[in-house]
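J.: If you scroll down you'll find the structure; I have some questions about it.
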Amino acid sequence: MPAIATAVRTHRFVSFVALTFLFTWLAWVPAALLVSAERIVPVSLLVLAGGFGPFLAAIVVAAATGDLRPWLRRVVSPRAPPFVWVAAAVLPPVLFGATLAFTVALGWTFESAALGPATLFAALLVSSFIRGGLEEPGWRGFGLPVLQRRLGAFRASLVIGVVWAAWHAPLFAMPGSSQAGTSFAFYLVSVVGISVVTTWLYNESGGRVLVPVAFHSVWNATSVFLSTGISGDGLLPAEAALAAAAWLFVGVLVYRYGAARLSSKPLPTNGLSFAGERTRKAELPREDGPARSLD
């Protein structure tokens with residue numbers, strides 16, 4: 001066991017990604033195959049189960065390296081600056097609003113009357129928390145703090161964004177999913193941009209995973225809610241517009257904070273131990289320094 005723990009610690013990010021794909025695709029690949037047989041209930045359960053892959057993988061790797069308890073304490077900590085919580089709630093409708101404006105300008109139509117009641121959005125928010133938000137303890141809560149200490153915040157965000165998009169690949173072959181029938185190229189560009197934005201929220205919150213959880217949940221709920229009012233033909237211009245809106249905001253973040261941290265705060269460790277590991281000078285001062293600690 002000590003040898004396994006040493007190997008996992010040495011290759012923490014690779015171990016996390018491998019387990020994430022294993023746990024998720026063991027559910028999603030069969031789900032994609034079952035769709036053609038119209039077995040709705042098994043498909044829904046498999047899709048739901050697969051979404052927990054990143055969280056489960058993070059738990060396994062954190063346990064293998066002896067970091068599970070401090071990591072879990074950080075995962076459930078809500079203590080973050082109020083403006084970060086506001087940003088997590090406001091950014092999705094703002095970016096989607098810009099996307100809708102561009103879409104309508106290109107000839108598509110948006111009918112607000114087609115939108116459901118506020119209770120529908122509330123239901124979507126709960127569903128999005130379970131089916132999307134709970135990915136974040138894995139992506140931002142574990143993968144990001146491990147990777148950005150070596151690559152810096154911006155480059156780590158790019159890597160995680162590509163992995164995140166590729167992880168969704170089985171859903172593109174699954175009729176009825178939000179990815180089915182969409183352009184993977186636009187999806188990839190959008191997801192990588194959103195990954196950078198989520199990194200900013202996570203780092204600026206001092207490593208509070210619940211902030212990315214909230215952002216991811218509101219993002220998915222807003223996307224589904226507003227999509228019911230859009231109609232038109234051909235390639236949905238909103239795909240390109242969403243990618244452009246996300247990357248314009250990324251440009252603002254990089255200009256404001258720099259690529260090394262994407263934040264005014266030190267790179268958070270999220271309860272993970274990094275003794276003896278090579279890190280970037282940009283991460284200093286340390287998260288546990290007396291001037292910066294939120295604990």
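Backbone N, Cα and C atoms are what each Cβ position is placed from, and that goes for glycine too.
According to TrEMBL, the protein has these features:
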| type | residues | note |
| --- | --- | --- |
| DOMAIN | 119-221 | domain 'CAAX prenyl protease 2/Lysostaphin resistance protein A-like' |
| TRANSMEM | 12-34 | transmembrane segment |
| TRANSMEM | 40-62 | transmembrane segment |
| TRANSMEM | 83-108 | transmembrane segment |
| TRANSMEM | 114-132 | transmembrane segment |
| TRANSMEM | 153-172 | transmembrane segment |
| TRANSMEM | 184-202 | transmembrane segment |
| TRANSMEM | 209-230 | transmembrane segment |
| TRANSMEM | 236-255 | transmembrane segment |
J.: When you check the transmembrane segment (184-202) against the transmembrane segment (40-62), do you get at least 3 Cβ pairs under 8 Å, counting only pairs 6 or more apart in sequence?
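T.: By the criterion, they do not touch.
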J.: List, by number or range, the same-chain residues at least 6 past the transmembrane segment (153-172) whose CB is under 8 A from its CB atoms?
T.: 17, 20-21, 24-25, 28-29, 31-32, 47, 50, 53-54, 139, 143-144, 147, 178-180, 182, 184, 187-188, 191-196, 198-200, 203, 254, 259-263, 267
J.: Any residues 6+ beyond the ends of the transmembrane segment (12-34) with a Cβ under 8 Å from its own?
T.: 42-43, 46-47, 49-54, 56-58, 60-61, 64-65, 138, 142-143, 146-147, 163, 167, 170-171, 173-174
J.: Any chance you could find the range in 40-62, 209-230, 236-255 with the most Cβ pairs under 8 Å to the transmembrane segment (114-132)?
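T.: Looking at each of 40-62, 209-230, 236-255 in turn, the most contacts to the transmembrane segment (114-132) are made by 209-230.
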J.: DSSP says what for the domain 'CAAX prenyl protease 2/Lysostaphin resistance protein A-like' (119-221): how many helix, strand, coil residues?
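T.: Going by DSSP assignments, the domain 'CAAX prenyl protease 2/Lysostaphin resistance protein A-like' (119-221) contains 84 helix, 0 strand, 19 coil.
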